[in-house]
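According to Swiss-Prot, the substrate binding site annotation covers HIS176, HIS284. The feature divalent metal cation 1 binding site is assigned by Swiss-Prot to ASP196, ASP207, GLU404, with sequence analysis given as support. If you look up Swiss-Prot, you'll see ASP207, HIS276, GLU309, GLU404 marked as divalent metal cation 2 binding site. According to Swiss-Prot, the feature compositional bias 'Basic and acidic residues' maps to 1-17. For 18-29, the entry in Swiss-Prot reads compositional bias 'Acidic residues'. Look at Swiss-Prot and you will find 41-54 tagged as compositional bias 'Basic residues'. Swiss-Prot lists 1-89 with the feature region 'Disordered'.
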Amino acid sequence: MTDVIDAKPEEAKKVPPEVEDEDSGDESAPEASAAGGEATKKKKKKKKPKKKKKAAEQSEPPRVGLSKLFPNGIYPEGEIQPYKDDNAYRTTSEEKRYLERITCEDPDETYQNIRKGAEVHRQVRQYAQRTIKPGMTMTEIANLIEDGTRALVEENGLEAGIGFPTGLSLNNCAAHYTPNAGDTIVLQQGDVMKVDIGVQVKGRIVDSAFTMTFEPTYDKLLEAVRAATNTGIREAGIDARLGEIAGAIQETMESYEVEVNGKLIPVKPIANLSGHSIDRYTIHAGKSVCLVKNDDQTKMEEGEYFAIETFGSTGRGRVVDGGECSHYARKVDAPHVPLRLTTAKSLLKSINKNFGTIPFCRRYLDRIGESKYLLALNHLVQQGIVEDYPPLYDQQGSMTAQFEHTILLRPTVKEVVSRGDDY
């Protein structure tokens, strides 16, 4: 520890008495004294400049709530993409700009809610990208991400918090894996890990994902999926048809190959996974953006939110359920079923209070004090009240990758709210 030396004020310098001479009675002396007195007075009046308040900065690991970093409540806008073709007029339309202003005045609809969630996402994921290393357990990685999310979004019940369980799916597991209690899986040097993070503010969910590798073998797989996601974003827009967007995604994805052990393997889009529309407190709102061309003539509409996500694989390009389930969500249209199990009634009450229709995992139930709940949870699933989302796997030995962004179809422009410098 550095020794701090006390800085004592300098003692007044003693002027040695001068030898008196015949001029010691000079009349100018009083004038000089008076001038010195005036100077002393002026010095006393001089005020020290006020120190400017230092702007709040994010900590490492990130724990500073965003309201402290953005005290005016205005959060960074996402990437803006103008509409094209028949919708190009929207960018300059007075009518559409007026509609956008009205939307922003509604405290529930304001874009600031989703932009806050997006900024939380960017700061948390960029810390995760710097920090995650082989040798860490899946539980350590999940906690690293979720602790940061809770702190930055300033978790407050259903008002703000985690948007869904942190996905950490490895290798041929494409989606819906997060560690349950007691999980001992350790991240390996050769793993391909999909990191899917959700943040919600007043029910506005930001859903964005990226893929991490620690050696170059599967770089082309990641490049293919990232390019396919950006193609989907480019083609998305008001009145865009979902089937046509899917065709563009497929074309981009299939233009890539990966070389593994001297063999070229085509990258396939995972045909039975898709992007989706998002509603308040509802992660899957009904519309699907598939990854292979189809005849779906459904159109995207003004004001809608979409998660544009693509998955690529070196395997079959199809996934099946497998492994221990961790992800669950209460159904939006859950039936009113009389529950005979007292434990199921109690668990449902807890789910409604803490999560509503926001997806959750077993670790989150542990965190709120629930125990011995598996029988009750399975009963709620069997009764159609809660949906389970088991992990999804392509064939053994294959590798899968994912990239995803949340977009907002504003009346005037398309905003990629979760875009960052990283992807």
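A Cβ is built for glycine as well, from the same backbone N, Cα and C atoms used for every other residue.
Residues ASP196, ASP207, GLU404 make up the record's divalent metal cation 1 site, and a Cβ search at 8 Å around their centroid adds GLY167, ILE197, GLY198, SER208, ALA209, ALA307, GLU309, GLN402, THR406 from the same chain. Between the CA atoms of ASP196 (divalent metal cation 1 binding site) and HIS176 (substrate binding site) there is a gap of 9 Å, rounded to the nearest whole number.
Cβ proximity to the divalent metal cation 2 site centre (mean Cβ of ASP207, HIS276, GLU309, GLU404, cutoff 8 Å) flags the following additional same-chain residues: SER208, ALA209, GLY275, ILE278, PHE306, ALA307, ILE308, HIS405, THR406. Less than 8 angstroms from the CB of HIS176 (substrate binding site) sit GLY167, SER169, SER326, HIS327, TYR389, PRO390, PRO391, LEU392, each of them six or more residues away in the same chain.
When the Cα atoms are compared, GLU309 (divalent metal cation 2 binding site) and GLU404 (divalent metal cation 1 binding site) turn out to be 4 Å apart. A coil conformation is recorded for HIS176 (substrate binding site) in the three-state DSSP classification, outside any helix or strand.
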